[in-house]
There are 6 protein chains.
Amino acid sequence: MRPSGRQPDELRKVSLEPGFSAHAEGSCLVKFGNTHVLCIATIEEKVPSFLRNSGKGWVTAEYGMLPRSTHTRTAREAARGKQSGRTLEIQRLIGRSLRAVTDLELLGERQVIVDCDVLQADGGTRTASITGGYIALHQALQTLVAKGELPSLPLREQVAAVSCGLFDGQAVLDLDYAEDSRAGADANFVMSSSGGIVETQITAEDVPVTAAEVEALTRLASLGIAELVRAQAAAIEGF
Amino acid sequence: MRPSGRQPDELRKVSLEPGFSAHAEGSCLVKFGNTHVLCIATIEEKVPSFLRNSGKGWVTAEYGMLPRSTHTRTAREAARGKQSGRTLEIQRLIGRSLRAVTDLELLGERQVIVDCDVLQADGGTRTASITGGYIALHQALQTLVAKGELPSLPLREQVAAVSCGLFDGQAVLDLDYAEDSRAGADANFVMSSSGGIVETQITAEDVPVTAAEVEALTRLASLGIAELVRAQAAAIEGF
Amino acid sequence: MRPSGRQPDELRKVSLEPGFSAHAEGSCLVKFGNTHVLCIATIEEKVPSFLRNSGKGWVTAEYGMLPRSTHTRTAREAARGKQSGRTLEIQRLIGRSLRAVTDLELLGERQVIVDCDVLQADGGTRTASITGGYIALHQALQTLVAKGELPSLPLREQVAAVSCGLFDGQAVLDLDYAEDSRAGADANFVMSSSGGIVETQITAEDVPVTAAEVEALTRLASLGIAELVRAQAAAIEGF
Amino acid sequence: MRPSGRQPDELRKVSLEPGFSAHAEGSCLVKFGNTHVLCIATIEEKVPSFLRNSGKGWVTAEYGMLPRSTHTRTAREAARGKQSGRTLEIQRLIGRSLRAVTDLELLGERQVIVDCDVLQADGGTRTASITGGYIALHQALQTLVAKGELPSLPLREQVAAVSCGLFDGQAVLDLDYAEDSRAGADANFVMSSSGGIVETQITAEDVPVTAAEVEALTRLASLGIAELVRAQAAAIEGF
Amino acid sequence: MRPSGRQPDELRKVSLEPGFSAHAEGSCLVKFGNTHVLCIATIEEKVPSFLRNSGKGWVTAEYGMLPRSTHTRTAREAARGKQSGRTLEIQRLIGRSLRAVTDLELLGERQVIVDCDVLQADGGTRTASITGGYIALHQALQTLVAKGELPSLPLREQVAAVSCGLFDGQAVLDLDYAEDSRAGADANFVMSSSGGIVETQITAEDVPVTAAEVEALTRLASLGIAELVRAQAAAIEGF
Amino acid sequence: MRPSGRQPDELRKVSLEPGFSAHAEGSCLVKFGNTHVLCIATIEEKVPSFLRNSGKGWVTAEYGMLPRSTHTRTAREAARGKQSGRTLEIQRLIGRSLRAVTDLELLGERQVIVDCDVLQADGGTRTASITGGYIALHQALQTLVAKGELPSLPLREQVAAVSCGLFDGQAVLDLDYAEDSRAGADANFVMSSSGGIVETQITAEDVPVTAAEVEALTRLASLGIAELVRAQAAAIEGF
């Protein structure tokens, strides 16, 4: 049995609130159970220097955790004067995932920055960030279409993410912190709404995993992401 | 007339939600109109080195803004690698204000860190932080009393804060961003529940202000803080 | 009785030496008793980016202390790799105070940087910096007038600053370090030569202060600043 | 056809030179074609603070590139004052991979740091680092066994790594830079000598990849790693 | 002819004021013409970690320039967040030079930090710092002897420094800024009162220099340092 | 007798391998015995801002050590976030030395950066860097001549460097680490192929050195550098 009492293929309660921020072009407060992430998209009419005069746009992400979003307090990165390797790794993953479904040519020479700030952490902050970040990105781009600055939405499809793991040898979906800290493998899957794999990262914790176990994790992730994609569509529609 | 349509002595709608965080010893989501600050108190069983073996405790604060809490996006301080002078100035003010009502001897050799993170900014983030930070501090200390680690609450009285300004020559209470950016003087008052002045900072913007104007601002602040103190008491009671 | 033996309304011996630096456009070595600050003004023919093409100028300040200006040695900020919150707070105050009396339109698109470096500290370094910084600024601007680059001095009036405090319950003027470390309230006043208030910062140390005490401190500060303004005028005249 | 002219399942020429460094406990110059990495293992008789008094040891890695190891010069990280996200991500991967085959209990309270410095880069620096880093780690631990400080080698099995990608739709092994920059998916596999998966990271570049493609990449990686494991064994034996 | 009108072997006017600082154990304001450096010695009852429990002491130096000590303003190192290579190089030289005449065994486990802060720069700041730093060090150590904490002064002899250069092909002593910027070689000599060479650094500017030229510069430096050593002795005696 | 068993005037075995790097415009792996430095020259078609539109070029150097190039591991400067004073001092010396023989007018508005990275350290890394850096610079400039971008090689002559020291009172050439750590004086000489002195730095370790000793060290250095200059010529010819 999972500590959370959930079925192996059961997501935590998912909540997506678009339009959470009064100032931003796009935003979404995403909750995967007790993991709460505020995703906010900002549009800037300039691109990184390597894209200048290329006619192409860019989507990037930044990630942060409030110091006491975690069970014990973590030192504030702004006070320590640098971002940890974990932070940089996660924000690079979020950025790549969102770019994978964006038509950067159609976006034109502008940049969307998606800030994902964890208000409360209970496992799966990076997958919640990607799932909610997509909503914030969608809303921000929709404002450009509404203002006539873009002919159509430069998004090819949806993207969402979920974690899986091996718990007592069984593949389980969407680990919370208690499960994650005891899992025998830690896997993160990013998939598009058409079922394509955008990114997978699988890490064995104590003993290497087998190809069969990888396959089981992948199958579980597909189910979970299909559900998240439906939740995204409903949230966008309802906004 | 004020841009907000409020009366000169009218606060914005104030909301105080204690217990917002699942993990922390104390927390409060405070809203002064569209200014939203998440205040979270953490208790650590160690003190800064200058207090080691003194028998006395410490209360300190850290302050931050989410990058897009503001009207346009501000660069993330963790990414820039240092905190701005404004950030440091504000967190020093919050810390002094909370210490002013805390009995550090009674607290004993432990430290309370109050993190004030601005989710959305519309003027008055430092005064909201002090007002909400007091609730988070109170809740955290209450848990120590409840566990029998402290004989009584080491708080002498409540502390709250509000801004005032001169708008078209008239003293007005609790400025929002639109008012603040046009005000002829910017004043922040921190007062205790018994009406004592903990800290005042008054800055003339274009032309120096007179002693009579300072007096008018002070009177207005007293009224506003009395109201905030009542709201704090109600929030603590209701929790 | 004050540790210094001074009367409650008695300033320390004030000395202002304009033209201290061989290289700079303006400079002043200011002494408030044993507090010695070297203020040096530099004119740069460029402005911060937010003022570019605005036709307006800027006045800013930087503040530092020599490591052993204090009773015990403080680590060098350049070696530690960052400026403390106290340093940033003080230099922001100096900058605001000097800008409050400067006509930035008349100054035109140039910047004056006033460096205030504490050679020896004995309380009141920020108030000495503002008082001496005004002289350095005046001298620097005078050179522009002399060279015909400005039609007249872009200064509306003088600005000076002094500290006050409550010592054994009594309001006293211009605290030295020994007095400051025992004072029940710490107040800094910045006023213009016409008596207007540019900035006040009042911090209660142990118990909140009353409105009557604030009034007494303000009255005392007015007296002290009137004396400093006369000393500034004499120093400028005599140069 | 691949730009390199290699068969889809053909590794670049692999060279492993253990004992390259005169000073270190373990070292290996690893070459995957034109990618050259110097891996050096240092043993320290202390552990990170979270392991103090745990009786367990630690293996960690640091990664760097010489500024002109790349086709155009990259700014030196020591001069820029911080390590990039890519650097931190890679060194975290190397550390996890080496720990996955190390018996940290048996190692006892000591730490092995494996420095992987890229002398020349032509794609696959992280996989070369893991493959050569294992040799350096092995040699360093062997010295502890030889000196009688460890009863036996605290390594459960070998670990090696290789990249794969989709090139013109076909799965190919061990991409060099020219291939990597045109590949439709970029995958890194870390596996143990018994064939278990230690870590996989798969990133789709332009369009999401299918589960079948992932399977093909995994199969190819298994072949490549089996070959690398044999090369490691030969290098260790021959030393 | 030299721009300064001085003879080739003529020092600038030298002034040494010991006891300049009210707080420090030792201090000296040194002037070599328009180059003014404030040297302040602090005694700390602890040593760097590599000397702990060795019974030996340490002498070290830190160097800084006020931003507008120079002809045009230089950015403040504390604000830039790091010390320049030039700063680090100079303070290492000052520290080595002072240690060369100090008996570190006799000093015992304590450290003297000599801060050399340039108030005004006109060439030769490093040589003035060494010459004045010796006075500050001497005064600080004398206080330890006076308090009975040291049986005798742990100084073997005096140390002083001077620059030389080739100006229009002729060796000249103690270059000021105008001369230095046109000199064909830049040399700094640190010598002890007995005439021994503690350190020499000679840099050819445009064309390499000959051994004969080096010899001429060395001879000139010996003369200048003999004069500085006499000035030091007089300053110490007169204090 | 020297620990190395060498004659007083005997260099370590010198090896110079030009063209070591596959990507760079110029490169050389230089070995002075067990000291191995990889020197790589990069040509950039831009100059530092102080040379923009001057028509002149620049040569600069950067220096680094692999963490375990030394007998015990040194913390990675990129991880610590800053370069040490020693690093900055050495790279400034290398840059000055290479510029001393370069015709910057003839080079034109481009910059050559010479990276000197120490793979293994056994004393004399800075002198090996200058000696090998010259080869890398020569090769890089030769490619510009070959491509017709320069009419002729903008090098006036060769430059090389060697260390000397006083070992048991005797002047000895090219100290290795074991000798260096026991030497009574540490001297570095940079000379041109025509025998001119580009730079000398002599530091007495325990007792000041005499002018006669300086002369002996200089004579020895001349011999050593003549030999290094011949080795450089042979390496360039053979490439």
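The backbone N, Cα and C atoms fix where each Cβ goes, glycine too.
Binding site for phosphate per TrEMBL: F:G124, F:T125, F:R126, plus F:R86 from the candidate set F:R76, F:R80, F:R86.
DSSP assigns F:G124 (phosphate binding site) to coil in the three-state reduction, placing it in neither a helix nor a strand. Once Cβ contacts within 10 Å are tallied over all protein chains shown, the binding-site residues F:R86, F:R126 are led by F:R126. Surrounding the centroid of the Cβ atoms of F:R86, F:G124, F:T125, F:R126, where the record places phosphate, the chain contributes additional residues within 8 Å, namely F:Y63, F:I90, F:V118, F:A121, F:G123, F:T127, F:A128, F:S129. Around F:T125 (phosphate binding site), the same-chain residues six or more apart in sequence whose CB sits under 8 Å from its CB are F:T35, F:V37, F:Y63, F:M65, F:I90, F:C116, F:V118, listed in sequence order. Across the residues annotated as binding phosphate (F:R86, F:G124, F:T125, F:R126), the two Cα atoms farthest apart lie 13 Å from each other.
Sequence-distant neighbours of F:G124 (phosphate binding site): residues of the same chain at least 6 apart with a C-beta under 8 Å from its C-beta are F:R12, F:F32, F:T35, F:V162, F:S163, F:D174, F:L175, F:D176, F:D180. The average pLDDT the prediction assigns to the domain 'Exoribonuclease phosphorolytic' (F:10-140) is 97. Sorting each residue of the domain 'Exoribonuclease phosphorolytic' (F:10-140) by its DSSP state yields 42 helix, 41 strand, 48 coil.
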